[in-house]
Amino acid sequence: MIREALQKLVGGEDLEQHEAEAVMAEIMDGEATSAQIGALLAGLRLKKETAAEIRGFARAMRARAEQVPTRHELVADTCGTGGDGAQTFNISTTAAFVVAGAGVPVAKHGNTAVSSRCGSADVLRHLGVNLDLTPAQMGACLDEVGIAFLFAPRLHRAMQHAAGPRKELGIRTVFNILGPLTNPVRPRVQVLGVFDAAVAELVADALAGLEVERAFVIHGAGRLDEVSLAGPAQVWEVRPGSVRAGILDPVDLGFERADVESLSGGSPADNARITLEILHGASGPRRDAVLLNAGLALLAAGRAGDAAGAVRLAAESLDSGAARERLTRLIEFTERCKHVEHDNRL
């Protein structure tokens, strides 16, 4: 199938969803050569990916990911694409604890740094979270603690077949936007930040055809893959089979304007400190950004009727200590997993 796909791309034609799914299946199953994979990725980048192609790729990757069992029917994720280059602190990771503290289970899908100095895995490791869990342990953590970190390399082992070509190409490819769409838990609720507005719209269209109940795809002011305080954010509300574009201005929710630099982070140690400060009650633009992004997840989960109410719930999660407690319990649970043999049992 990949040869046929390359012929279409050379001619400037788009792939149908089923064709994209079949091509990604070949890649993930080790049936495509490095040259073919590199040509496909470069061809897609030159042509520009479509929502149908992205959706097809995501479906194939989901099907081949190691599954994470959970008893929760409604699970949220706050994973974004990264790649905005803004070097902010880990906003969506901090927001995940706020969402979990408000009672919505969170399966945080993530990895080490892509374009920043500190990815979600980096900051969590520095906070004391053990990332070396089996899929069964991840699921048990989600059920017991209400939040779990799903370390992408552990769950998407078939990605090894594309690792070499991606590294050799040295350019952004479709894989850079597939991470948030390939969470093995298949969360029904998502807040998904994207580094580019045009790509965000594509991602929203792709997500509408996957298993989602309600999601918000966002592109923040200052070209962030988060809602920022620098200005209005572009927001795409996603429901099954439909996408509605809109604008979210933090000022309308009572927040003060702040420039992107006020959200700056640094090394894993710096970002871990910032996360702890917020969870322990620090005020200011960083807290506000976390409230905004967590509020969107709570709104998508149906915990509030509007954005203002959702932000209030997020503030309660922080101020009551519930968000901080989720981090403490996550650290304790994953520490216990160090002393259990990796045989898919706890």
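Even glycines carry a Cβ here, placed using N, Cα and C.
Feature annotations, reproduced from Swiss-Prot:
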BINDING   Gly80, Asn111  anthranilate 1 binding site
BINDING   Gly80, 83-84, Thr88, 90-93, 108-116, Ser120  5-phospho-alpha-D-ribose 1-diphosphate binding site
BINDING   Ser92, Glu226  Mg(2+) 1 binding site
BINDING   Arg166  anthranilate 2 binding site
BINDING   Asp225, Glu226  Mg(2+) 2 binding site
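Applying an 8 A CB threshold to same-chain residues 6+ apart, the list for Thr112 (5-phospho-alpha-D-ribose 1-diphosphate binding site) reads Gly119, Ala121, Asp122.
For the binding-site residues given as Thr88, Ser92, Asn111, the lowest number of other CB atoms within 10 Å of the residue's CB is seen at Asn111.
Among the listed binding-site residues, namely His109, Arg166, the Cβ with the most fellow Cβ atoms inside 10 Å is that of His109. Spatially close to Glu226 (Mg(2+) 1 binding site) yet at least six residues away along the chain are Gly80, Thr88, Ile91, Ser92, Gly193, Ile218, Gly220, Leu263, Ala289, Asn293, judged by Cβ distances under 8 angstroms. For the pair Asn111 (anthranilate 1 binding site) and Asp225 (Mg(2+) 2 binding site), the C-alpha distance works out to 16 angstrom. Comparing His109 (5-phospho-alpha-D-ribose 1-diphosphate binding site) with Asp225 (Mg(2+) 2 binding site), their Cα atoms are 15 Å apart once rounded. Note: the CA-CA distance between Asp225 (Mg(2+) 2 binding site) and the residue listed as 'anthranilate 2 binding site' rounds to 22 Å.
A strand conformation is recorded for His109 (5-phospho-alpha-D-ribose 1-diphosphate binding site) in the three-state DSSP classification. By a simple count of nearby Cβ atoms, those within 10 Å, the most crowded of the binding-site residues Gly80, Asp225 is Gly80.
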